[in-house]
Amino acid sequence: MMRCLTITIMFFMFFFLSVIQKCKSETSKSGDYIIYMGAASSDGSTDNDHVELLSSLLQRSGKTPMHRYKHGFSGFAAHLSEDEAHLIAKQPGVLSVFPDQMLQLHTTRSWDFLVQESYQRDTYFTEMNYEQESEMHEGDTIIGFLDSGIWPEAQSFNDRHMGPVPEKWKGTCMRGKKTQPDSFRCNRKLIGARYYNSSFFLDPDYETPRDFLGHGTHVASIAAGQIIANASYYGLASGIMRGGSPSSRIAMYRACSLLGCRGSSILAAFDDAIADGVDVISISMGLWPDNLLEDPLSIGSFHAVERGITVVCSVGNSGPSSQSVFNAAPWMITVAASTIDRGFESNILLGGDENRLIEGFGINIANIDKTQAYPLIHARSAKKIDANEEAARNCAPDTLDQTIVKGKIVVCDSDLDNQVIQWKSDEVKRLGGIGMVLVDDESMDLSFIDPSFLVTIIKPEDGIQIMSYINSTREPIATIMPTRSRTGHMLAPSIPSFSSRGPYLLTRSILKPDIAAPGVNILASWLVGDRNAAPEGKPPPLFNIESGTSMSCPHVSGIAARLKSRYPSWSPAAIRSAIMTTAVQMTNTGSHITTETGEKATPYDFGAGQVTIFGPSSPGLIYETNHMDYLNFLGYYGFTSDQIKKISNRIPQGFACPEQSNRGDISNINYPSISISNFNGKESRRVSRTVTNVASRLIGDEDTVYTVSIDAPEGLLVRVIPRRLHFRKIGDKLSYQVIFSSTTTILKDDAFGSITWSNGMYNVRSPFVVTSKDDNDSER
């Protein structure tokens with residue numbers, strides 16, 4: 001037997017090398033490729049032998065693998081020709097070979113706001129101090145960030161009052177290869193750091209875990225930053241800044257550069273994070289969904305979750321278009337963005353008359369006399385002779401006359417697609433304008449506007465009032481007032497337009513996003529001494545204000561870390577369930593959460609709703625989406641039994657894909673939400689769910705009865721069987737069925753609703769969506 005195996009391997013080596021040599025002599029495009037070979041073998045033998053064989057053969061042909069994956073999964077990345085890639089894809093043990101694509105990053109008060117949201121919902125926890133709750137459990141929880149690196153000297157990452165590094169930590173602190181490698185140091189807070197370079201981007205300056213973009217530093221401080229007093233952005237948003245889990249440890253995996261984040265580096269970071277012993281992985285980036293076996297985040301997160309690591313991802317910044325969600329595999333927690341109740345007021349005084357005050361918002365740190373009045377014009381009146389009037393109204397580049405704009409405040413419209421606010425303000429500034437007033441009812445994100453230039457944003461109805469004033473006087477003047485931050489008076493949360501929307505492009509039978517969290521104008525730590533981030537005439541900031549689902553993701557990562565520290569035995573699915581079923585759907589005024597344009601938000605906008613801090617710590621019941629659910633998902637999605645057995649090494653004996661299944665069956669995995677696709681109304685659809693009692697023994701509610709309530713739209717009939725669930729003890733599991741039917745032949749629109757189980761103390765809510773569309777119905 002051994003002799004036969006040796007002959008087989010020798011023949012394969014000869015054949016492989018001969019074809020590789022032939023590929024060299026033929027004209028073929030080349031590039032970086034990822035070779036994914038499924039799960040890492042439990043005993044380090046067979047599967048890894050395939051990896052070693054292929055990678056060693058490549059080396060013999062002069063091809064050195066950039067990365068080898070061996071801890072959480074098997075595979076490698078290498079520079080190959082197309083022919084070589086096609087050849088390797090046909091070899092035993094290879095699941096997929098795909099180009100090494102570039103992923104893009106999805107780029108204080110937020111935690112105080114979430115605390116208030118929790119208090120409104122969770123009376124049991126209103127007596128508990130936030131800091132005390134944080135310090136009770138979190139010291140041994142490790143959050144791994146796959147991002148642009150970290151600035152270790154930032155105040156958020158000091159290790160005051162931190163205990164010894166947890167014994168479970170198996171990672172390292174790479175100091176880099178720069179001229180002063182000792183300048184990067186870890187501590188008891190920042191316990192580990194790694195960096196990854198690919199053949200695409202080799203730069204000695206980036207051979208370090210240090211952050212040169214600010215993104216990784218910002219998100220890490222949101223999730224796990226220490227408590228910092230008197231934090232502010234040049235006096236704005238001042239107060240105590242803290243991470244969601246300030247006692248958790250941080251491990252940074254710098255997989256991103258100025259150009260983006262290489263998929264091969266992302267997989268290498270996943271592989272190391274799994275081996276290092278992190279509890280939570282936070283990822284604020286994404287790749288457009290196309291194929292689960294060619295998505296580094298779907299692959300890496302599957303193997304991380306398989307080992308009990310919770311993976312939290314941003315939903316993307318491609319909204320408000322439908323089917324624009326990123327990172328929507330069911331083993332991930334997918335996070336949308338929402339607003340908080342803090343606003344940055346920058347009002348406009350018309351004609352020096354205090355009775356003509358227009359409410360605006362913006363962040364202005366300009367070094368000019370903010371009490372002085374300047375001439376006010378609408379951009380239309382500054383149009384170049386040969387410019388398009390609509391483009392000029394919107395302050396598009398090269399459409400305005402500099403001689404007219406110079407020294408004035410310019411009112412710009414915002415009713416053209418693909419018009420970035422910064423382009424408009426940059427154009428007015430370039431032409432010598434004093435400031436810009438933008439008429440826009442959708443823009444909430446102020447982070448991309450140059451704060452050294454006077455900019456304020458107003459609502460369309462206020463724009464009409466300004467135009468009325470301009471037309472009523474021969475010499476209109478205005479003053480843009482100094483910015484001041486105010487909390488508590490803004491309607492919040494709402495869903496900003498940039499946050500990506502469901503349904504999931506690859507299948508409508510899973511509801512994504514899962515949850516929403518603050519992601520607009522978030523204050524957090526920044527690079528120390530970064531002059532590129534400093535407004536004109538100001539010193540570099542210690543903290544910066546950023547927006548995006550990149551900022552939403554670490555809010556949930558911090559909460560996930562809190563839950564893991566409080567309940568070490570909880571699985572990633574239990575943590576996700578607790579976060580989702582305790583979410584809120586109401587604003588701080590008691591109205592339903594809306595989108596940025598004022599429309600009622602749906603689960604396609606915010607999933608289960610807005611995350612709360614304390615609610616997930618006591619959810620009552622949880623939906624345990626187990627490993628078998630994920631294997632069935634792969635089977636329902638279309639993978640074969642042989643493929644699934646390569647993807648996972650935790651396959652039950654006798655496993656086979658369910659016969660005659662399809663993607664519609666994905667609705668039956670034990671997820672905290674329900675999504676029914678291809679609903680024709682002629683016949684009912686039935687799904688089942690199982691819940692586990694995790695009530696607190698301290699309250700004495702182990703023996704408890706939950707009763708269901710249903711919120712369903714007109715035209716959709718929803719029945720739940722049984723309507724009561726009687727749990728005898730903690731850990732009991734009970735199942736129920738949900739039957740959907742319709743009073744009409746076909747649903748005209750997607751139907752949204754919810755199912756809530758309540759025992760008088762806990763409300764366990766699951767959103768649902770029912771649609772007549774199937775996976776072939778694209779809305780893009």
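Every residue, even glycine, has its Cβ placed from backbone N, Cα and C.
Features reported for this protein in Swiss-Prot:
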- 1-25: signal peptide (SIGNAL)
- 33-106: domain 'Inhibitor I9' (DOMAIN)
- 110-617: domain 'Peptidase S8' (DOMAIN)
- ASP147: active site, charge relay system (ACT_SITE)
- ASN197: N-linked glycosylation site (CARBOHYD)
- HIS215: active site, charge relay system (ACT_SITE)
- ASN230: N-linked glycosylation site (CARBOHYD)
- 385-469: domain 'PA' (DOMAIN)
- ASN471: N-linked glycosylation site (CARBOHYD)
- SER550: active site, charge relay system (ACT_SITE)
- ASN776: N-linked glycosylation site (CARBOHYD)
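Annotated pair SER550 (active site, charge relay system) and HIS215 (active site, charge relay system), C-alpha to C-alpha distance, rounded: 8 Å. Among the recorded positions ASP147, ASN197, ASN230, the ones whose Cα sits within 10 Å of the Cα of HIS215 (active site, charge relay system) are ASP147, in sequence order. Taking the Cα atom of each, ASN197 (N-linked glycosylation site) and ASP147 (active site, charge relay system) are about 13 angstrom apart. Taking the Cβ of ASN230 (N-linked glycosylation site) as reference, residues of its chain lying under 8 Å away and at least six apart in sequence are, in sequence order, SER238, GLY239, ILE240. Neighbour counts of Cβ atoms within 10 Å were taken for the recorded positions ASN471, SER550; the minimum is at ASN471. Using a 10 Å radius centred on the Cβ of ASN197 (N-linked glycosylation site) and all shown protein chains, the other Cβ atoms total 20. Same-chain residues at least 6 positions away in sequence with a Cβ under 8 Å from that of ASP147 (active site, charge relay system) are, in sequence order, LEU105, ASP211, HIS215, GLY216, VAL219, ALA220, MET252, TYR253, ARG254, ALA255, CYS256, SER282, ILE283, SER284, MET285. Under DSSP, the residues of the domain 'PA' (385-469) split into helix, strand and coil as follows: 29 helix, 15 strand, 41 coil. In this model, the domain 'Inhibitor I9' (33-106) carries an average pLDDT of 81. A strand conformation is recorded for ASP147 (active site, charge relay system) in the three-state DSSP classification. The secondary structure of ASN197 (N-linked glycosylation site), as reduced to three states from DSSP, is coil rather than helix or strand.
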